[in-house]
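Reviewing the structure listed below.
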Amino acid sequence: MEDGLSSFWGPVTSTDWCEKNYVYSSYIAEFFNTISNVPGILLALIGLVNALRQRFEKRFSVLHISNMILAIGSMIYHSTLQHVQQQGDETPMVWEMLLYFYILYSPDWHYRSTMPTFLFFYGALYAVVHALFRFGFGFKVHYIILCLLCIPRMYKYYIYTKDVSAKRLAKLYVATLLLASICWLSDRVFCKEISHWHFNPQGHALWHILMGFNSFFANTFLMFCRAQQREWNPKVVYFLGVFPYVKIQKPKSQ
């Protein structure tokens, strides 16, 4: 939304969300949509430290780092509202979903080298096409399809997992995803009505916060399931009594 101070970054060339621009600073277009990515970075950092400390497979370290990169890209996009920065936010979203697809399906994939090779070239091709063409609606449809492709495997992991704490993580993953989607849709669909309110609930900022927790719960659940597959005796424990992480006990041979 327009209004506010003068813009350091120039006219808006990207998708503009339902938050008044440059209200608090000439350098930050959408203040709340920018700072709301910080929780996602911190949660991904907690996951990364745990993955490194307990020597989980490198795929999980890469996953946590990708969550951090995505949040940083979102901060840059919402602070500038420029088209190039929006592409720098959307392309990593697709790459991240390809990484989730690999983590979910690779354990049962018989031809180990084919999947990462295909996903790498697919992600590279998408980045080139997305840089050359602007397709806002097409991006959303493509992203939703990638998310839907991951659901059957997540559900399989859920029904085969007997641990109550792990199942709670999966339920929190679904709950945060649903709440985040409601916030995103409300901010997008009812922006005209919201703009007349005295208080803006900042639906898109809430989407960022909830999706930060959503990724955190998903990553922790997947780490638990992978540790079960490797027979590492996983347990869900809590950092500071609040943030769940997976504690494992590897056999001495590993």
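First residue shown is number 1, and so on along the chain.
Glycine is treated like the rest: Cβ placed from N, Cα and C.
Noted in TrEMBL for the protein shown:
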BINDING   Asp16, Trp17, Glu19, Asn21, Glu30  Ca(2+) binding site
BINDING   His78, His204, His208  Zn(2+) binding site
TRANSMEM  31-49  transmembrane segment
TRANSMEM  61-81  transmembrane segment
TRANSMEM  93-111  transmembrane segment
TRANSMEM  118-137  transmembrane segment
TRANSMEM  143-160  transmembrane segment
TRANSMEM  172-190  transmembrane segment
TRANSMEM  205-225  transmembrane segment
For the binding-site residues listed here, Asp16, Glu19, Glu30, which shows the highest count of neighbouring CB atoms within 10 A?
Glu30
Among the recorded stretches 31-49, 61-81, 143-160, 172-190, which has the greatest number of Cβ pairs closer than 8 Å to the transmembrane segment (93-111)?
143-160
Using Cβ atoms and a strict cutoff of less than 8 Å, what residues sit near the transmembrane segment (143-160) while being 6 or more residues removed from its termini?
90, 93-94, 97-98, 100-101, 104-105, 167, 170, 173, 218, 221-222, 225
Spatial separation of His204 (Zn(2+) binding site) from Glu19 (Ca(2+) binding site) - C-alpha basis, Å:
9
With Cβ-Cβ distances below 8 Å as the criterion, list the same-chain residues six or more beyond the ends of the transmembrane segment (31-49) that contact it, or say none.
17, 19, 23-25, 60-61, 63-65, 67-68, 70-72, 74-75, 78-79, 202, 204-206, 208-209, 211-213, 215-216, 219-220, 223, 239, 243, 245
Quickly jot the same-chain residues contacting the transmembrane segment (205-225) by Cβ under 8 Å, restricted to those at least six beyond its ends, or write none.
19, 32-33, 35-37, 39-41, 43-44, 46-47, 50-51, 56, 60, 63-64, 67, 71, 74, 100, 103-104, 154, 157, 161, 163, 166, 169-170, 172-173, 176-177, 179-181, 183-184, 187, 234, 236, 243-246
Measuring Cα to Cα, how many angstrom lie between Trp17 (Ca(2+) binding site) and His204 (Zn(2+) binding site)?
8
Cα of His78 (Zn(2+) binding site) to Cα of Asn21 (Ca(2+) binding site): how many Å, rounded?
10
So which of the binding-site residues is most packed in, judged by how many other Cβ atoms lie within 10 Å of its Cβ, out of His204, His208?
His208
Shell list (Zn(2+); ref centroid = CB of His78, His204, His208; cutoff 8 A):
Trp17, Glu19, Glu30, Phe32, Asn33, Thr34, Ser36, Asn37, Ser74, Ala205, Trp207
Alpha-carbon distance [His204 (Zn(2+) binding site); Asp16 (Ca(2+) binding site)] in Å:
11
